[in-house]
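Peer 1: This is the structure I have questions about; it appears just below.
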């Protein structure tokens, strides 16, 4: 890339200590390689291996840390304290986006449609939860990404093992109403919603889980999504409202469902989405003619324009 020197010395932050470390290592290496190919003076920086105080001396940071510590406002706060511009969402938006319940509360308060939920524990009145949400439900740790610790529950006796599995990853666990229909993901880049992607996991997968996201090669990605032009536009507009309402900025991804009646339901937001070979952000960018190297440079360039922090 011409004029790559304007970025100065760039720390590509990846790895970290969260349950998503392995995904972050793959994503971060891909981003690092892309920036180096583009002539950027980029270096790997793993906060698990090095003290964040060593970030002094870098001119800006490209955050590719997934999950807690990297996607929840912590590293963003450190970078602001060090006065280092960084990619993506700021401290508050990151903290909200990492918390599925806070995200839903803000969406609900803004009259945005999101799947109904309840906080659950091993002591919860399961009959009351089933009466409220119906069956099936999906059990989720509130502060994990990449579908880690998630389970589909189809009968009441399946609650206990599902809650136990989720509790292994997070002290706070939620049950979310199962939306029967089609799953979509929408990438936001520089204030615009990119073409909607339809996710079609294989028949033997209950939902778009960790294996489907990162291990399997038989997941189908629909670009174009198959939605009508009006529904595509409606979902893109809904995504932008959802993205900005939680205080997200720069780049990210919103997951949504369309139920059997054609209604859209917001599920969650990812403020530092995956950038692996299986990941959805590169697929959406490719659909509008932005290759991976150009995508990484465009995200980094947000640190120059005020679109990021």
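Glycine is no exception: its Cβ is also placed from the backbone N, Cα and C atoms.
Heads up, here are the entries from Swiss-Prot:
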type	residues	note
DOMAIN	104-301	domain 'ATP-grasp'
BINDING	130-185	ATP binding site
BINDING	255, 268	Mg(2+) 1 binding site
BINDING	268, 270	Mg(2+) 2 binding site
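Are these features on the surface or tucked inside, and what are their neighbours?
Peer 2: When Cβ atoms from all protein chains are considered, those within 10 Å of residue 130 (ATP binding site) total 18, not counting its own.
Using a 10 Å Cβ-Cβ cutoff, residue 268 (Mg(2+) 1 binding site) registers 21 neighbours.
There are 23 other CB atoms within 10 A of the CB of residue 270 (Mg(2+) 2 binding site), with all protein chains counted.
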Peer 1: Specify the count of other C-beta atoms within 10 Å of the C-beta of residue 179 (ATP binding site).
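Peer 2: Result for residue 179 (ATP binding site): 19 other Cβ atoms within 10 Å.
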Peer 1: Per-residue pLDDT averaged over the domain 'ATP-grasp' (104-301) comes to what?
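Peer 2: Summarising the domain 'ATP-grasp' (104-301) by its mean pLDDT gives 90.
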Peer 1: Rounded to an integer, what is the Cα-Cα distance in Å between residue 151 (ATP binding site) and residue 255 (Mg(2+) 1 binding site)?
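Peer 2: For residue 151 (ATP binding site) versus residue 255 (Mg(2+) 1 binding site), the Cα atoms are 17 Å apart.
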Peer 1: Using a 10 Å cut-off on Cβ-Cβ distances across all protein chains shown, tell me which of the binding-site residues (137, 172) has the largest neighbour count.
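Peer 2: Top count of Cβ atoms within 10 Å goes to 137.
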